[in-house]
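Novice: I am attaching a structure below and will ask some questions about it afterwards.
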Amino acid sequence: MLQHILLYLINPLAYIVPILLATAFLTLVERKILGYMQFRKGPNIVGPYGLLQPIADGVKLFIKEPVRPSTSSPFLFLATPTLALTLALLMWMPLPLPHAIINLNLGLLFILAVSSLTVYTILGSGWASNSKYALMGALRAVAQTISYEVSLGLILLSMIIFTGGFTLHTFNLTQETVWLLVPGWPLAMMWYISTLAETNRAPFDLTEGESELVSGFNVEYAGGSFALFFLAEYTNILMMNTLSVILFMGSSYDPTMPQISTFYLMMKATLLTLIFLWIRASYPRFRYDQLMHLVWKNFLPLTLALILWHAALPIATASLPPLT
């Protein structure tokens, strides 16, 4: 009995706490990188080299008074930030790092389904705020997320044809000889751009276009509830990059030293996250019609063509993948 309690209590905590810590320090890394790319220092007052800045920010946000517009929907307004962070953390469960918390047979499908649910948190927060700016930001976010999920789903389908299974562990086994980045580089490029759009990052951050919508769907949020949204966004960024590494740059697994494969995996994920920040510092925001044009008129035909190609090639050459 005690063993079960420890298993179901310590296991989730052992993966939630490091994720939240990584998320907190990712905000610091982002501010530092943006600072140096704009020829300034970034946060450097709190602690040595500003290392305690995320802790100071967290404490400040959570001790602030929870302000709520009087016209907003009380339950939905407070439930959506909590749900956003819960879903963001839930998506980490089937990821093999190198061992998953829950080893699902349809791990990819689970991640895709949960990431689709995050749309409801954005829509709920925008609608519950009872503000036209928040609602416009939420509607934009929903259209953007749903559109890019189409391309993400189709790219995943191509990758599944490569490996012959939905289980994320099979991706590691498939890539023992060569990374799937090599045969599937067009897919990898489209996948990376789609993850940028899916996580509402620059240059696709139309949901929080400061120049037009004040701050987007979270404009009415302050204090703790805003911090939860912030944590959810950055947790999603880390999760998407870790998933990108598992799909395209599979980690080398050593059964005697699983820590080394975890270290390599996180190094690659950190590298991809730094490219996210580099892109944010380098590119201006897309126009809304360009955003939709990119996914529906460029990515969709290309991904469909690649699915046909990847499905037809093994059959034509009689080399079916291992359908485990």
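Counting starts with 1 at the first residue shown.
Note: Cβ is positioned from N, Cα and C throughout, glycine not excepted.
Because the structure is a prediction, the values reported are computed rather than measured.
So Swiss-Prot says this about it:
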- 5-25: transmembrane segment (TRANSMEM)
- 75-95: transmembrane segment (TRANSMEM)
- 106-126: transmembrane segment (TRANSMEM)
- 146-166: transmembrane segment (TRANSMEM)
- 177-197: transmembrane segment (TRANSMEM)
- 228-248: transmembrane segment (TRANSMEM)
- 259-279: transmembrane segment (TRANSMEM)
- 299-319: transmembrane segment (TRANSMEM)
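Please situate the listed features within the shown structure.
Specialist: Long-range Cβ contacts of the transmembrane segment (106-126) within its own chain (Cβ-Cβ under 8 Å, at least 6 residues beyond either end) map to 76-77, 79-81, 83-84, 87-88, 90-91, 93-95, 100, 134-139, 141-142, 145-146, 149, 152-153, 156, 160, 166-169, 198, 207, 217-218, 221, 229, 232, 236, 243.
Outside the transmembrane segment (146-166), and at least 6 residues removed from its termini, the chain residues within Cβ reach (under 8 Å) are 105-109, 112, 115-116, 119, 174, 180, 183-184, 187, 190-191, 194-195, 197-198, 247, 291-292, 295-296, 299-300, 303-304, 306-307, 310-311, 314, 320-324.
Proximity of distant same-chain residues to the transmembrane segment (228-248), defined by a Cβ-Cβ separation under 8 Å and at least 6 residues beyond the stretch ends, is recorded for 19-20, 22-24, 26-27, 81-82, 84-85, 87-89, 91-92, 95-97, 111, 115, 118, 121, 125, 156, 159, 168, 171-172, 179-181, 184, 187-188, 191-192, 195, 198-201, 218, 221, 265-266, 268-269, 272-273, 276.
Cβ atoms under 8 Å from those of the transmembrane segment (299-319) belong to residues 150-151, 154-155, 157-158, 161-162, 186-187, 190, 193-194 of the same chain, restricted to positions at least 6 beyond its ends.
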